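Straight from TrEMBL, the features:
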type	residues	note
ACT_SITE	HIS410	active site
ACT_SITE	ASP462	active site
ACT_SITE	GLU471	active site
DOMAIN	527-607	domain 'Carbohydrate binding'
SIGNAL	1-21	signal peptide
Amino acid sequence: MANPISPIALFILLLAPSALAGHDYGQALTKSLLFFEAQRSGYLPHNQRVNWRANSGLQDGKASGVDLVGGYYDAGDNVKFGLPMAFTVTMMSWSIIEYGKQMATNGELSHALDAVKWGTDYFIKAHPEPYVLYGEVGDGNTDHYCWQRPEDMTTDRHAYKIDPSNPGSDLAGETAAAMAAASIVFRHYNPSYANELLSHARQLFEFADKYRGKYDSSITVAQKYYRSVSGYNDELLWAAAWLYEATNNQYYLNYLGENGDSMGGTGWSMTEFGWDVKYAGVQTLVAKFLLQGRAAHHAPVFERYKEKAENFLCSCMKKGTRNVQTTPAGLIFRQRWNNMQFVTSASFLATVYSDYLSSSGGNLKCAAGYVQPSELLRFAQSQVDYILGDNPRATSYMVGYGNNYPRQVHHRGSSIVSIKVNSAFVSCRGGYATWYTRKASDPNLLTGALVGGPDAYDNFADQRDNYEQTEPATYNNAPILGILARLSGGHSGYNQLLPVLLPPVNHPDPSAQSKTLPSPASSSTPITVEQKMTTSWTAKGNTYYRYSTKVTNKSPKTLKNLKLSISQLYGPLWGLEKSGESYVFPSWLNSLAAGESLEFVYIHTASQAKISVSSYTLS
């Protein structure tokens, strides 16, 4: 049959007004975080905002002699799957590390921290011994046989673990990554907790690396639901990258440099990133290290990681040699079942890499031409805008955002009347008969949930039994937190390659206010050096100080070949590169024009380091 109006033309006609009006990314961020509260298992806290939920899974782990109460249900069922839960926490943490300032501006940083800690508190319980990690509670087969709210569960709650005899390097590696990333988040807010997380992360990485194997060969009940297709090499590199980011320990740097080729970090050009395949995420994080000047003698290997990271982004921009598939209206499309996970994770990498490139003054070189950082960010925004309603159906795929969103979500808790409204027990099969087949809107609004989304042709059916399209998942939401914070709060002009100092959650500590300290640089030089202590904190009896240092070219000429001498430095430094006994411009910068400044930061337990200008040229 002839169609007088093309789908794309119809899309433009229908969506032009809303596209012009824009979206409230701050509101979407708020709603996205609420979804995690709906997914909580265990004893719910006093400040729980999703009030239709109640305590559940209170006997988890008891039969195995371990307390496994807590954590998250992964999607629309009541199983706690360790691998996707850990990836969820890693991505929530990465979102906060990069865009915590914007979250604070939006009033959501404390909720984001709560969401991460709900996951890491559970991981601490699930890791009772250095080489033991519980990776699943419940199993999909018995759980899917029933349709019950979590408060009524009668399904088997067996706990499954990995150990030296039954290894799971992918599961242990991802959990190590999650705890290392979260330790960065909590470093300033709760130092003792951050150190506890880091201790678990180190042990789990050692476990993952020493006793190698795929977790689904040990926890076989996971195979039907979260099979590790990519194996475990990507998770080992991913964990090493996050441990290097968290500790600056050369062991993890060397691990990335020495194993990048053999483990696929420098070899695989990916077109997906998610809970199973981590290579694109590893490559993006390692590219950041390279741009920060933290690659040391591994720079040639890190360049190859960076090349593969950029291949992934070029494929998203459709300017690579092997590009991602998109729907007619432009949404990334990889698979029928829960495609949305790939949309948000790819968009997150595009967002952070856009800021890394902007900070380094670079752009993306693709097979089909150059891509500016602003184009990468616009791409990520286009994906988010599609999710929020700028699509041919004018449907928001975030529950509760806008006026037209899914009402029959494939989710046990939201589809059954709240136990607080009707406490009558809902039986295993009775839930299917009474609630699953009910052709009506969910009695409980699953605010903020990102459902699986449309098919390859932008079509979507809002039906509870259409699990491929209407089931949400925590790992759909985790990456979008950072994107929404970035789009809502902007960039504020800071250098994304320098450590981002997260703001206070409540009231600022007066001792952490910026203090300008005198610079030892001579006033007669055309180059000024100004140091400021921007914050301090105490951990394990030591007081740590963060110093921000600005080097400014006061001359009317261009400053090149700058060499700085830095002494009495007792901690890590970001924003310069070491060259012999001197510090020089980072790789992304080779000169300072008249009036321009360079900023770098360092952290140690002493007063300011002594910084002086050794040599330079003006031209």
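From the backbone N, Cα and C atoms, a Cβ is placed for every residue, glycine too.
Here the domain 'Carbohydrate binding' (527-607) is broken down by DSSP into helix, strand and coil counts: 0 helix, 52 strand, 29 coil.
Its Cβ taken as reference, GLU471 (active site) is surrounded by 22 other Cβ atoms within 10 Å in the chains shown. The domain 'Carbohydrate binding' (527-607) scores a mean pLDDT of 86 in the predicted structure.
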